[in-house]
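> So Swiss-Prot says this about it:
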- 190: active site, proton acceptor (ACT_SITE)
- 1-50: region 'Required for lipid droplet localization' (REGION)
């Protein structure tokens with residue numbers, strides 16, 4: 001397999017990253033004060049806040065003095081997030097929302113605007129995965145995957161962006177995936193939906209630039225995360241392609257959002273794959289997929305298919 005020699009420099013670089021995945025979000029005192037001033041008193045709406053990354057992000061924003069608006073289809077999980085935030089002394093309000101239904105998104109957004117007011121930071125985090133190959137995936141599940149992972153972004157953003165434009169400040173965060181930058185067997189609907197999420201963010205950022213408005217965007221593309229959504233998946237080289245801890249991913253996301261980064265891939269090694277995907281022929285990329293175990297990473301998928309998280 002001659003193409004594997006192309007991997008040797010990257011393998012050498014990656015071998016120097018021992019302990020990288022234990023990184024925590026730390027900033028200097030000066031920057032920390034600026035961040036607190038930026039977030040304190042701001043209203044942050046997070047979709048998929050009933051578990052996983054959404055819940056952890058809610059805690060982190062709450063620690064910085066933000067007011068939280070929690071959206072999730074999982075009412076019980078969302079109530080648990082709300083309870084923990086209130087125990088921390090954080091002002092928060094929870095709403096049960098099915099993000100696959102745009103009319104429900106619009107209805108709940110109107111309720112938020114009347115009960116809470118303007119949203120300053122919108123975190124489009126909710127997502128679902130079926131983990132089924134195209135011919136085995138029921139039509140209704142494919143439709144729901146695209147509805148939650150892609151279509152919902154249009155309607156959440158359309159509802160809360162006008163307030164940001166009026167005040168000439170705000171931030172829209174899209175939690176996408178490395179599946180939005182490549183294709184993976186067993187994730188046809190998920191990859192398509194996340195490519196849509198990446199395209200949504202890129203086009204939105206372009207529109208905001210054209211308007212000369214100071215509303216920021218951040219798109220986040222992590223690999224597999226150990227939140228339950230991808231239970232059962234495995235890669236051949238976990239040092240290079242680890243199953244990431246949600247705590248680590250949230251640390252990276254918070255740093256990116258609070259420092260206004262436009263694009264974040266997690267882990268850093270992912271940037272190499274993004275570059276290679278744009279340079280190498282499909283035959284070579286397939287060899288990489290085999291070598292790293294990506295091609296068959298979904299073969300033993302179990303997952304958690306009943307929630308938006």
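Note: Cβ is positioned from N, Cα and C throughout, glycine not excepted.
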> Have a look around residue 190 (active site, proton acceptor) and count the other CB atoms within 10 A of its CB, chains all included.
27
> Give the mean pLDDT for the region 'Required for lipid droplet localization' (1-50) on the 0 to 100 scale.
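A mean pLDDT of 58 is what the model gives the region 'Required for lipid droplet localization' (1-50).
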